[in-house]
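S.K.: Quick paste of what TrEMBL says about this protein:
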{"type": "SIGNAL", "residues": "1-24", "note": "signal peptide"}
{"type": "DOMAIN", "residues": "24-56", "note": "domain 'LRRNT'"}
{"type": "DOMAIN", "residues": "158-211", "note": "domain 'LRRCT'"}
{"type": "TRANSMEM", "residues": "220-251", "note": "transmembrane segment"}
Amino acid sequence: MGCGRVPSAVLVCLLLLRPLPSPACPPACRCALGEVNCSGHGLREVPQSLPTNTSSLWLGYNFIVMLGPHSFPPLPELLLLSLPHNRLKMIHSLALVGLRALQELDLSNNHLTVLTPETFLPLSSLTMLNLGDNRLEELEPEVLGALPQLQVLLLQNNPWVCSCSILPLWLWLSHNREKVQEKHSVFCRFPEHLDKYPIMAFGNDSFRHCQETSLSIQQYLIFLTIGPFSFMVSIFFCVFLGSITVAYHNLCREPHLCKRSPTRRGH
């Protein structure tokens, strides 16, 4: 009896120590050897029942409009995420949490207009980012600064607005030319006289007027506050002096109130 219990206990321990099975492949996807292909199936959101050993995830040519908080299940081995040709308009700052190992991210051919630095903070291992063919008019350099391992960046075919607001991005691009792919395809779209002008072709003199005249929001607020205040103080001071002058002349009309000192005569 006692000897027969030992194998049973060992079997129970082995069953408890055995790793939990990965979720089955989603119905709209094809899974093989860590690669999950869900392209072109009319998906409107990211499937949640993805195998935990997924290393490549293809989600292109679907109808995904938004990546909300925690859009992806924990995928500690995911290296490549491909989302081109969707309808992405927004990526929540917590959308990519849990993808710390990700190295390649393709967001091309979407409808993105704004990206915040928090969006890519979880992607400390990212080496390639494709933002081409979106609707980006400007891009804060902090968005790219959140990617310490970035080696390849694609920005072509966006409607970049080449005003003073693009100066910070131009400075980042100028210091990271080796990372920018298709750099001759990163064109200005606005203003019209700079349409199809390569952003990387600008020189230091191109933004000199921006550096000399640009003011911070705080400075504008100070000017807007001090200007009207100074104007009102000036009016009040002028009115005050005028009132004193008029009152003085009115007093001098009365001889007994405004006596003049006698004129000194010579000896």
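Note that Cβ sites are derived from N, Cα and C of the backbone, with glycine treated the same way.
Help me picture where these features are in the structure shown.
M.R.: For the domain 'LRRNT' (24-56), the model's pLDDT averages out at 95.
Taken through DSSP, the domain 'LRRCT' (158-211) splits into 32 helix, 9 strand, 13 coil.
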S.K.: Please list, for the domain 'LRRNT' (24-56), how many residues fall into helix, strand and coil according to DSSP.
M.R.: 0 helix, 7 strand, 26 coil
S.K.: Six or more residues beyond either end and a Cβ under 8 Å away: which residues meet both conditions relative to the domain 'LRRNT' (24-56)?
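M.R.: That would be 62-65, 67, 71-80, 82.
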